[in-house]
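Trainee: Let me begin by handing over the structure; questions about it come next.
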Amino acid sequence: MFVLSKISELVRIPPDQFHRDTISAITHQLNNAYANKVIPHVGLCLTVYDILGVDEGQLKPGDGASYINVIFRALVFKPFVDEVITGWISKCTAEGIKVSLLGLFNDIFIPRNMLFEGCYYSPDDNAWIWPMDEETKLYFDVNEKIRFRIEQEVFVDVKPKSPKEREQEEHERQQAEEAGVPYIETKPPAYALLGSCQTDGTGLVSWWE
């Protein structure tokens, strides 16, 4: 679930960080740039793990900062395909189940076609139901602990919005405020995981205890 990724970076150390020793100043700047950020095609960076190499600092004309080429390792959240992990159901819809790893990662989705055969969504219960046999119905309830298998990683190149897109978004936001309903952004996450519950041991943890 967690990996160490080696990264090369040119780090800018501003003058207000010169009171720190070199490694502390570099680590501080790297964490500002990377911690809790998605690294495209790598995963979610949690923190800087260690510094492997540091070149001598360089100055640029007109800039009082120091620029240093650095090689470091970052601790990255990156489950591998077929890994089985546990989380908590945060939302159920007719499209599937959204799962959260509380305090760590929230963009996990189990599509309806990745659930046990025969599963169906009940709007009245706001839950997915698995009729395991003629007498037993098992519910995927919100806030329950769920075990699932990672099927796919999805990286999205989230580009800056154009002026027209920002104008349209602001118009929709104002309309929502006038109607007295919350405005919900539809921007896709930069990094998401697709999971499945189709084998013994997956599904709610309480089913198998």
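Cβ atoms are placed via backbone N, Cα and C, with glycine included.
TrEMBL labels come from automatic prediction, so no person has curated them.
Pulled these from TrEMBL:
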COMPBIAS  161-176  compositional bias 'Basic and acidic residues'
DOMAIN    9-64  domain 'RNA polymerase Rpb7-like N-terminal'
DOMAIN    83-208  domain 'RNA polymerase III subunit Rpc25'
REGION    161-183  region 'Disordered'
Trainee: How does the domain 'RNA polymerase Rpb7-like N-terminal' (9-64) divide up by DSSP, counting helix, then strand, then coil residues?
Mentor: 16 helix, 25 strand, 15 coil
Trainee: Restricting to the domain 'RNA polymerase Rpb7-like N-terminal' (9-64), report the mean pLDDT as a whole number.
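Mentor: On average, pLDDT over the domain 'RNA polymerase Rpb7-like N-terminal' (9-64) sits at 92.
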Trainee: Counting by DSSP secondary structure, give me helix, strand and coil numbers for the domain 'RNA polymerase III subunit Rpc25' (83-208).
Mentor: 24 helix, 54 strand, 48 coil
